[in-house]
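Listed features, source TrEMBL:
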COMPBIAS  B:18-33  compositional bias 'Polar residues'
DOMAIN    B:98-270  domain 'Yip1'
REGION    B:16-37  region 'Disordered'
REGION    B:288-311  region 'Disordered'
TRANSMEM  B:117-140  transmembrane segment
TRANSMEM  B:160-180  transmembrane segment
TRANSMEM  B:192-218  transmembrane segment
TRANSMEM  B:224-246  transmembrane segment
TRANSMEM  B:253-277  transmembrane segment
Amino acid sequence: MAEAVESPGDPGTTTPRPLMRDLKAVGKKFMHVLYPRKSNTLLRDWDLWGPLILCVTLALMLQRGSVDSEKDGGPQFAEVFVIVWFGAVTITLNSKLLGGNISFFQSLCVLGYCILPLTMAMLVCRLVLLAEPGPVNFMVRLFVVIIMFAWSIVASTAFLADSQPPNRKALAVYPVFLFYFVISWMILTFTPQ
Amino acid sequence: MAAADELAFHEFEEATNLLAQTPNETTTRSDQLSPKGHVAVAMDSGGSYGAEDEVEESDKTVLLQEEKQQPGFWTFGYYQSFFDVDTSQVLDRIKGSLLPRPGHNFVRHHLRNRPDLYGPFWICATLAFVLAITGNLTLVLAQRRDPSIHYSPQFHKVTVASLTIYCYAWLVPLALWGFLRWRKGVRERMGLYTFLETVCVYGYSLFVFIPTVVLWLIPVPWLQWLFGALALALSAAGLVFTLWPVVREDTRWAAGVLLSVVVLLHALLAMGCKFYFFQPLPPEPMASPHQATSQPPATMLPPTLPRSVAA
């Protein structure tokens, strides 16, 4: 099936890629997520560093002081990791099985980078939770999470929807919606102890 | 079989030619060409076929099927054939599962020999997450009434929910399909569904539970039982109406047992989900603190004794 050109980097070279160049590439993609335009940068020069950084940050921030028993607590680090990566892989497989012409790693890249708004929501929630608890506290967090959830969906569909045949767009977009909804739920229900 | 031949259109020959070349292929057929009475006849042949409408379309099908072989199970294309559905088709199948009608066989009318895995997989995923999330929400509501209940995200319930739903939606159809195959070996006249069609039927039948689970948030016990019973009735009716044409050739006793086991398992799933994921709300907090201090034991109701179970 037709796939866009992948750029996996320079495997097998003896000189390591300059760190600054990589960081700049990651930062540029962050900007593309924050201001989603129709551009091919995310797809053409995919990398998985950004998603990894975001996933680790999110998973670390979702940790609580383990006062609760293991059974009843919030998601563990591994659970968040599994949900994000397993979810992204499943959505990618789903998209490819439905006949989309996006490559595996490009799709993972897009889904991973579009977690950025939700990671920012997590930061904001953690800061808001330092203040006094109450219904206002909850409403602020709810509002922020909803806005960032919508932002993630818009950003990812801007990149992913074009790769699907038109009569199956909704089928490919719905799992993305479910994925970010679950992550938003994890962020919203976070309560530090 | 002779009756079917006489009633078939002249393109029937081309369809049989196609089948002779690729015996595992099935051609799609439209509803107008196959009157309901012939459903049983078509199924006995082990594969169903019908006549194409226009000659051009059957020519195109001949060309396509000469080109493509059945891909092996190790190729990606094999699995892609299970996701060969459009948005409108998925929505149509969901509607069909929500409104079961006697004689309106889900497999024949909606699946039409193109079972898909998209519906069952994502309906199960949605149901598992919705169960865990709404179950957690009832804990939030309970904590508002009684602040002594300790709130926690209960994330392990997501794992439990997904394991339960996926095992049910995939292992029970496997058992059912195996059982039906065995019965077909015993009594030749029984029809048969493929494994994927059985999985499809079960997967789509679980869709009605998604809105039901969300409606279970309403903290009125008799309303919760009403919604649950309604969803169970719709879902089980869909299953029974789909399975009836297949099992009615069997002995009465076997057919009855099979259908009641199917309905019973479905009911067990529904009730198990209700009891495990949803806890009953504590009673409304009393207005005066004097009365509240005198009834602390009543606020921590054990989850196994919902007050609403009257009989």
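Cβ atoms are placed via backbone N, Cα and C, with glycine included.
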Sort out the residues at least 6 away from either end of the transmembrane segment (B:160-180), same chain, that have Cβ-Cβ distances under 8 Å to it, and list them.
120, 124-125, 127-129, 131-132, 135, 190, 192-195, 198-199, 201-203, 206, 246-247, 258, 262, 265, 269, 272-273, 276-277
Restricting to the same chain and to residues at least six past its boundaries, which positions have a Cβ under 8 Å from a Cβ of the transmembrane segment (B:253-277)?
131-132, 134-135, 138, 157, 160-161, 164, 168, 172, 176, 179, 183, 205, 209, 213, 216, 224, 228, 231-232, 235-236, 239-240, 243-244, 247, 303-304, 306
May I ask for the residues of the chain that lie six or more residues beyond the transmembrane segment (B:224-246) and have a Cβ under 8 Å from a Cβ within it?
39-40, 43, 97-107, 180, 190-193, 201-202, 204-206, 208-209, 212, 215-216, 218, 258-259, 262-263, 266-267, 270-271, 274, 278, 308
So which residues does the transmembrane segment (B:117-140) touch in its own chain, when a touch means Cβ under 8 Å and the partner is 6 or more beyond its ends?
79, 82-83, 85, 90, 93-94, 149, 151-155, 157-158, 160-162, 164-166, 169-170, 196, 199-200, 202-204, 206-207, 209-210, 213-214, 216-217, 219, 273, 276-279, 281
